Amino acid sequence: MASTTPIDKPPAPPVALKRAGTKSGRVGDKVFLGLSRGSGILLLVIMASIAVFLTYRASIAISKNEGNFLTTFDWNPAGDPPVFGIAVLLFGTIVSSVVAMAIAVPVAVGIALFISHYAPRKLAAPLAYVVDLLAAVPSIVYGIWGALVLVPYLEGPNLWLDQFFGWTYLFDKTEVGVARSLFTVGILLAIMILPIVTSVSREVFLQVPRMNEEAALALGATRWEVIRLSVLPFGRSGVISASMLGLGRALGETMAVATVLSPSFIISGHLLNPGGGTFAQNIAAKFDEANEYGRDALIASGLVLFILTLLVNGAARLIIARRKEYSGANA
Amino acid sequence: MAKRIDVSGLSAYYGSHLAIEDISMTVEPRSVTAFIGPSGCGKSTFLRTLNRMHEVTPGGRVEGKVLLDDENLYGANVDPVTVRRTVGMVFQRPNPFPTMSIFDNVAAGLKLNGSYKKNELPDIVEKSLRGANLWNEVKDRLNKPGSGLSGGQQQRLCIARAIAVEPEVLLMDEPCSALDPISTLAIEDLIGELKERFTIVIVTHNMQQAARVSDRTAFFNLAAVGKPGKLIEIDETERIFSNPSVQATEDYISGRFG
């Protein structure tokens, strides 16, 4: 920048500064700001209107309900007097989802670790693709497969579980009947949420900074110890988010559950017994033949599912936030 | 403690690319040996062959011998995991385990070895943190995460973590390049103390630093980009910086290239 200009001469305003102030640049900014702000507001409006709709219709239904909405083991909004309650649905939804999570999360983390840290590169890419393909199967296909293949196939294993683990109460099969149980539903849901939990976990594991892994390696860590010291702690909050995404899908899954479960309005801790119900399955099964009031009752149960999902997501965020100080983000 | 390193005929590859060729040298115990040379000359790659970290890079491969006293690190039945427990390493950027407390960071290596008594841990952690000149700064917050420290403190934490397992050799890969001058000075002082107990090898881009901390200096160079890096000469640091025997070394340290 050698210049012969005397120091006291005021410099001419640079051309670049003038350009930045032209109108076209500002318009682009405004359009983009409007678009993104609009999208954000739209999302809030949609959520709020769903909540208002659910609450309004639910309040109509609950005000006429002669039974206790939370504790009644029955669903008869068309009766005289109308009696219905969500106890069985809440129980069935939570139990089938918990079974699904208990099976899917460890398996998904295992697959994700295998793809990201163990598999040779030639195998990793096709394997990841196959797992993602699982997500492309429509849920009704899972339902048909579950009813035609899984249910008859599980009869043998169910007997085995009953015989050897009957003492746990959970696996005590006290009723004769095919495996159209909450446990079977849980297994099916586990397969359905496997791809989303796997692919999100895999992405997180791949993002572990190289230097974090080398820190463990240089201390003399084996491959498993590297995963335990560096990969899993870094990926923890990601795996939690992935699990919550999966849980959200499991809680709301409709067709597959409706196809497999033989619904009944009982609560039983014996998971292998046929029967039970979930919110989404119950709505799908009853919505068509319900009258106006029956539909309001179903919407009331939908409101509970909505709240349940909100609570689950809130809890996940709390867990992630509490671990923030220790997360890899501030490394 | 501190052992001698004897390297002979060592070459390292990334896939089919020859990164360093036919290097032989001896590193004396309880001394500081500095590696200097222009970027890409393979000094970091060479350092990483000394604790078998080179081979964790995809495609990384090593030929030749590295004797630690009399044991070949690349012998047939040698487990790289054991090698890395004997030859500690400190990296260019401080890399404490972000999810662990300061205490657990220092104890991490011991827990991997499994050969410790639980009631000894606090003593070893304190000793290591004192050894890394960090104890007074962190003794009141041992349960806080290590990632909350400043960059210079984090690097000293990493040194404490490395020396906690009492390695024979301590490798340092440009340990000050991400630090400010005051933290750099703290680390350099520390290196001077640590050489009483360990064999130290340090890669540095900073020739003044090499002159300040090392007893012996090795100069690496490469003929051209894409050509393998080679050891040009290794000698007493004073001699390298005053009267090197190879012209290329003199050109490099006097700033004529690199």
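Yeah, the Cβs are placed from backbone N, Cα and C, and that goes for glycine too.
A quick note: this is a predicted structure, and the numbers were derived from the prediction, not measured.
Annotated features in TrEMBL:
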REGION    A:1-21  region 'Disordered'
TRANSMEM  A:40-62  transmembrane segment
TRANSMEM  A:82-115  transmembrane segment
DOMAIN    A:90-316  domain 'ABC transmembrane type-1'
TRANSMEM  A:127-154  transmembrane segment
TRANSMEM  A:178-201  transmembrane segment
TRANSMEM  A:250-272  transmembrane segment
TRANSMEM  A:297-320  transmembrane segment
**Report entry** Positions on the same chain near the transmembrane segment (A:250-272), where near means CB under 8 A and six or more residues out
**Finding:** 73-75, 87-88, 91-93, 95-97, 99-101, 139-140, 142-144, 146-147, 150-151, 158, 161-162, 169-175, 177-186, 188-189, 192-193, 278-285, 305, 308-309, 312
Report task. Return the stretch with the most CB pairs under 8 A relative to the transmembrane segment (A:127-154), choosing among A:40-62, A:82-115, A:178-201, A:297-320. Result -> A:178-201
Query raised in the report: Honestly, do the transmembrane segment (A:40-62) and the transmembrane segment (A:297-320) touch, with at least three Cβ pairs under 8 Å and pairs 6 or more apart in sequence?
Result: yes
Report summary line: Near the transmembrane segment (A:297-320) in space but 6 or more residues beyond its ends, with Cβ under 8 Å, are 50-51, 53-55, 57-58, 61-62, 65, 69, 75, 77, 82, 84, 86, 89-90, 93-94, 237, 240-241, 243-244, 247-248, 251-252, 279-280, 282-283, 286-287, 290, 327
